[in-house]
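J.: Before we start, here is the structure in question, set down as structure tokens.
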Amino acid sequence: MQRSPLEKASVVSKLFFSWTRPILKKGYRQRLELSDIYHISSSDSADNLSEKLEREWDRELASKKNPKLINALRRCFFWRFMFYGIILYLGEVTKAVQPLLLGRIIASYDPDNKAERSIAIYLGIGLCLLFIVRTLLLHPAIFGLHHIGMQMRIAMFSLIYKKTLKLSSRVLDKISIGQLVSLLSNNLNKFDEGLALAHFVWIAPLQVTLLMGLLWELLQAFTFCGLAFLVVLAFLQAGLGKMMMKYRDQRAGKINERLVITSEIIENIQSVKAYCWEEAMEKIIENLRQTELKLTRKAAYVRYLNSSAFFFSGFFVVFLSVLPYALLKGIILRKIFTTISFCIVLRMAVTRQFPWAVQTWYDSLGAINKIQDFLQKQEYKTLEYNLTTTDVVMENVTAYWEEGFSKLFEKAKENNNNRKISNGDNNLFFSNLLLGAPVLKDISFKIERGQLMAVAGSTGAGKTSLLMMIMGELEPSEGKIKHSGRISFCSQYSWIMPGTIKDNIIFGVSYDEYRYRSVIKACQLEEDISKFAEKDNIVLGEGGITLSGGQRARISLARAVYKDADLYLLDSPFGYLDVLTEKEIFESCVCKLMANKTRILVTSKMEHLKKADKILILHEGSIYFYGTFSELQNQRPDFSSKLMGCDTFDQFTAERRNSIITETLRRFSLEGDTSVSWNETKKPSFKQTGEFGEKRKNSILNSINSKRKFSVAQKTSLQMNGIEETSDEPLERKLSLVPHSEPGEGILPRSNAVNSGPTFLGGRRQSVLNLMTCSSVNQGQSIHRKTATSTRKMSLAPQASLAEIDIYSRRLSQDTGLEISEEINEEDLRDCFFDDVENIPAVTTWNTYLRYITVHKSLMFVLIWCLVVFLAEVAASLVVLCLFPKILFQDKGNSTKSANNSYAVIITSTSSYYIFYIYVGVADTLLALGLFRGLPLVHTLITVSKTLHHKMLQSVLQAPMSTLNTLKTGGILNRFSKDIAVLDDLLPLTIFDFVQLLLIVIGAVVVVSVLQPYIFLATVPVIAAFILLRAYFLHTSQQLKQLESEGRSPIFTHLVTSLKGLWTLRAFGRQPYFETLFHKALNLHTANWFLYLSTLRWFQMRIEMIFVIFFIAVTFISILTTGEGEGRVGIILTLAMNIMGTLQWAVNSSIDVDSLMRSVSRVFKFIDMPTEDGKPNNSFRPSKDSQLSKVMVIENQHVKKDDIWPSGGQMTVKDLTAKYIDGGNAILENISFSISPGQRVGLLGRTGSGKSTLLLAFLRLLNTKGEIQIDGVSWDSITLQQWRKAFGVIPQKVFIFSGTFRKNLDPYGQWSDQEIWKVADEVGLRSVIEQFPGKLDFVLVDGGCVLSHGHKQLMCLARSVLSKAKILLLDEPSAHLDPITYQIIRRTLKQAFADCTVILSEHRIEAMLECQRFLVIEENKVRQYDSIQRMLSEKSLFRQAISPADRLKLLPQRNSSRQKSRSNIAALKEETEEEVQETKI
């Protein structure tokens, strides 16, 4: 970033905004980068502004019972706000005075008034000076008000963020991320955009009073006829506005529905393709789009009428004011033209400025009240700690998470009741919901310094809640907790902040080289780090998107271990690690490196329990056991079934099963679910979409999965998994994740109205608490991952020294926070967020316009029709113009007398002028034909939007995964949210306005030129100057806008990142560090936005200066060249004043159109994506013998269409190579093996070795080479859809879309209810579905949030059974499963898929024992393919992963497992351990 020229600019340079010239020049010549942007002044920095407002807000809180945020804002900004308001008023007053001088000029041409002719030239000079003064007052005032609005937004952004970091977990459970993002993006934009209009709430009434006084002098009481019409029109416009809002509110729900499903499809596009559901998903979205467009059209027609009313009103105002007066008293020309000019100003004040100002105040006060409520929410209270305490003691503690879930279920119940699915047991599902039960009851234990306590228990038992209570996140309602307060924490779902690996581990604690190296070694990160070119200085994106799940988990653990604390809370830190790595880390890090520290480890592994000093087993929130391992064996022989839930499912009664399901539901929000996406959007949030996104959610959040850009969300939006991916630009690089500005308002004066913040979608209530308990990034393979994660060494030499050396004794005076200011610079900050570089030029190309016009054939005809109508209008004007001199000549003899003597009749010459004005007063006379021109245009443009959405949806659904893998989810979602909103809402009316204004200007110029040909000579250079100036400015402004929109992403992304890691942040006390990061992100955005506002003002001022020169030329040409024609001077000057406002407006509209057409460019970019080959790759080449050729083709077609294929499920793989993206490294190389029909094959390999990749390659979801045959049919000889239908799939990330159970199981509607129920019975889903009101018609929302992860897996299983697939692919089906569901899946696999070929990637040894063969993948290749007996007898990876004792049991277990009855599983300890072994391979 560079030093700003503003610092040294002179007063004149500041007044004329000349200091922006260097950046405008640079932007015109080359592409602008972040380094070209100027530093902000200290008065605009987030630190200073937030400190100022926070001080006033604290004062307000301290002094009053009922604090008001507006009082704090008033004390900070009021006087500057009023100063600019007064300047703005003076500028507006000059507009009211101009018509007086115009009247005097016209009067000076009166034949009876020759004495005044000499002063006409001075009056002309006075009129020109008024324009110059207005220009010099208005622009600095508007800029000053925009600047204050920006400062208010920055101060409130910062205040909201600081408050967010202090909120209690209970409050966070009730706030959705969509609400938070909406609070920041939607509400606060109102200050930036609206503050310049706010003063018109008092300026407009004063102006109207002044104008009415001046008009009274001309027309007496008849003045009120025109005013009455304007007031009626203002009320009519308000009514139309209300009707439009009604349609938009109805439409918001439909948009939301469409975006929720679109985001679910985009996030799970792999599953959609695997199930061959593209057509079904397209149909669902197109049906929703149809309903949405009906409402869009209604809203657009109403807005069109509203907009047209303004254009047409001018004529009526003049007509109603002048005509009655003229009929009764007669009128002179001076009065007509003066009245016309006054009415133009009056119309703007009454129908535009005043209503807009009232709306601005209404919106702003609403936003301030929302923020005020938020700032008064309950804060997190830190517990009182005793720093001298060495033990951790808990005495009889009970705690509640506040019941926040009842509303969700009530809503689900209500939604389904509304669908009239009546059913007798509507209440069954909800009746036994124990809302408000304590999450922990009566917990007591004591750990001494240096001890390790293992906490175990089934899902939902309260393990994480226990850690939260120790950290102070969950307040105990009874009992006492004692510890020193110096805590370190490792979350269950690894949280990575944007920054380097080193930053993530040190996390603001002072750096100690020896400690850092020891921790890296103990957490097995050395080898991973050595593979990166930048080593530990590699910059990670949000959520650590470039890392595997195991790497993220180890970095999170390293961060916790690096901090020197008294108590370490480790919440299931080994979840994503293979067994070898886990063993090494547990021994070297937890047992040796941290030997002298107090540790609480949440785990379910038997080996960990054996080594723990104390064991605490929780069951349903209570202590099931507390003591040592030997006591556990003696006192609780059945402990393993409680711990692992190892009873077989069949033993449970229906009631017991119901309670398990209910418990899962009751606690679902605390149970992280790797597939939870967080693109959230508040329901009203999509009134107009723009960036999140949501970002996001990317629901925001982006849920997007709002991947950044939100991302949530988006960027953002989208952008992190939530918001993060929403980047859509370096060309719009980032998320926008949040779509929120009212459509249709001008884009120029506001921050990108179709904003680029995180896009967050989803009408779902996803609380922030849920977000924190979700895994930070999709479990799916990250395509950015370095493919060469060659496996870590199988064994690390034990570090004998680790236990003896205490790395914490080398403490530097104390672990202090780093000095942040030098540490983070803006360039690094931006590097933390992935950008999708879009090659979209800075200015929209003509090719884009051409393609847009030709998308729908009727658009061309409509545009031609508009031109024809316009030519008819101009022709009519010219005809009148030809007749005009004759009429004037005929009446000239009588005109003087009648002017003096007769008052009852309008003077004939005046009449001809007036008639002429009616036909030609081009600024307002599009009356009769305007409607015929505008409505077809708006209607057709919405049809074009419909066509583009349809093409883009098809394109995305049919694009190959290798292309989709290079795009961010949030980026794709932004096209469907933000850009489609632009095409639906903003573009049609902006184009209509532009066409209307352009034609008005052309018409006015033609008329003026015909009346006074000399003026044409002045007009040509002026229009040329406008066009050149626009082209010059557009290059820079669009780039600045793009940089500004990118600058938004880090703000929303940082918010979501902070929320995801809030518990970690608070445990480490890093709030100030993150506030500083947030301020850096804000300052980065401010630098871009301030520069954009300044260059925009430079441009507007230059336009006005060109016009002032034009007006001076017109005035003096007309004064000096016109002889006796007072009417001619009147028309020329009146039209010239009218042209001024209209031409500026037209130029601004053209810039808006260009800006909005960038959305069209992005949509075209997606439409042009390559598609998957739906047809066989190698079609048979015709041979010379055409008959033989036909036979071959027919035979091949028969193979493809044979209903029985595949019949056996035999699979042969030859030389299979797979890549995630074109041109990327091969993840698998030369894989060859074959599987017999009905065989079960287990895939073995370390984390990141390519097991999931192999399953994707089977489905042709990657870039593959080689060949696979199923039952003798090669994948090259049949279509992709046919090939994929041969497989049943249970993916790692389960896909449940928003829709009924029936739709989720059978989206094409191929099966009857009877068949669906039969399959539901087979897989154990019937008891689940029957508990919901409506049963199969119950609508699942938010990714099936009312189902546990296990039930979602059963849904996938049911889909596979229904598809009657012969080959089943399972990718980690037991990950995050409760043991009961896991048993059902095992049982179903044995029964329903007994004759099928099963390929299984799994971490549980127990599941692998049922496989006949194993395929070991290592370093991208097949290392071994053998039976279990062979593998156990040789030195293999499988053998290494199993302890010697277990190995002895495996062979007999293998042989007898099928016959052995499991009804008494817990009887023998050995059998139990073996059955529940959750060790991961």
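Residue numbers in this text run from 1 along the chain shown.
Cβ atoms are placed via backbone N, Cα and C, with glycine included.
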J.: Of Asn48, Asn386, Asn900, which one does Swiss-Prot label N-linked glycosylation site?
T.: Asn900
J.: Have a look at Asn894, Asn1177 and find the one that Swiss-Prot tags as N-linked glycosylation site.
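T.: Comparing Asn894, Asn1177 with the record, Swiss-Prot tags Asn894 as N-linked glycosylation site.
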J.: Are Ile1119 and Thr947 co-located with respect to the membrane, according to Swiss-Prot's topological domains?
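T.: Judging by the topology that Swiss-Prot records, the two residues are on different membrane sides.
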J.: Kindly assign Cys523 (S-palmitoyl cysteine) to one of the three DSSP-derived states: helix, strand or coil.
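T.: In three-state terms, Cys523 (S-palmitoyl cysteine) counts as coil.
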J.: Sort the residues of the topological domain 'Extracellular' (320-339) into helix, strand and coil with DSSP and give the three counts.
T.: 17 helix, 0 strand, 3 coil
J.: Specify the count of other C-beta atoms within 10 Å of the C-beta of Cys523 (S-palmitoyl cysteine).
T.: 27
J.: How far is it from Cys523 (S-palmitoyl cysteine) to Cys1396 (S-palmitoyl cysteine), counting Cα to Cα, in Å?
T.: 41
J.: Counting only CB pairs under 8 A, let me know which of 123-146, 196-216, 991-1011, 1131-1151 has the most with the transmembrane segment (1096-1116).
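T.: Of the candidates 123-146, 196-216, 991-1011, 1131-1151, 123-146 scores highest.
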J.: Give the mean pLDDT for the topological domain 'Extracellular' (217-222) on the 0 to 100 scale.
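T.: For the topological domain 'Extracellular' (217-222), the model's average pLDDT rounds to 82.
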J.: Which sequence-distant residues neighbour the transmembrane segment (340-358)? Criterion: at least 6 residues beyond either end, Cβ under 8 Å.
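T.: Contacts of the transmembrane segment (340-358) (Cβ under 8 Å, skipping residues fewer than 6 from its ends): 95-96, 98-99, 102, 197-201, 203-205, 207-208, 211-212, 214-215, 218, 226-227, 230-231, 233-234, 237-238, 309-310, 313-314, 317-318, 321, 917, 921, 923, 1134, 1137-1138, 1141.
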J.: For the transmembrane segment (196-216), which stretch among 78-98, 299-319, 991-1011 has the most Cβ pairs under 8 A?
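T.: Of the candidates 78-98, 299-319, 991-1011, 78-98 scores highest.
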J.: Under a criterion of Cβ-Cβ distance under 8 Å and sequence separation of at least 6, what residues of the same chain contact Cys1396 (S-palmitoyl cysteine)?
T.: Gly1209, Gly1238, Gly1288, Ala1365, Lys1366, Ile1367, Leu1368
J.: What parts of the chain pack near the transmembrane segment (1131-1151), using Cβ distances under 8 Å and only residues at least 6 beyond its ends?
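T.: Contacts of the transmembrane segment (1131-1151) (Cβ under 8 Å, skipping residues fewer than 6 from its ends): 98, 102, 105-106, 127, 131, 337, 340-341, 344, 746, 748, 913, 916-917, 921-923, 990, 993-994, 997-998, 1000-1001, 1004-1005, 1007-1008, 1011-1012, 1015, 1026, 1030, 1033-1034, 1037, 1100, 1103-1104, 1107, 1110-1111, 1114-1115, 1118, 1122.
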J.: Can you name the far-off residues of the same chain, 6+ from the ends of the topological domain 'Extracellular' (217-222), with a Cβ under 8 Å from a Cβ of it?
T.: 103, 321-322, 324-325, 335, 338-339, 342
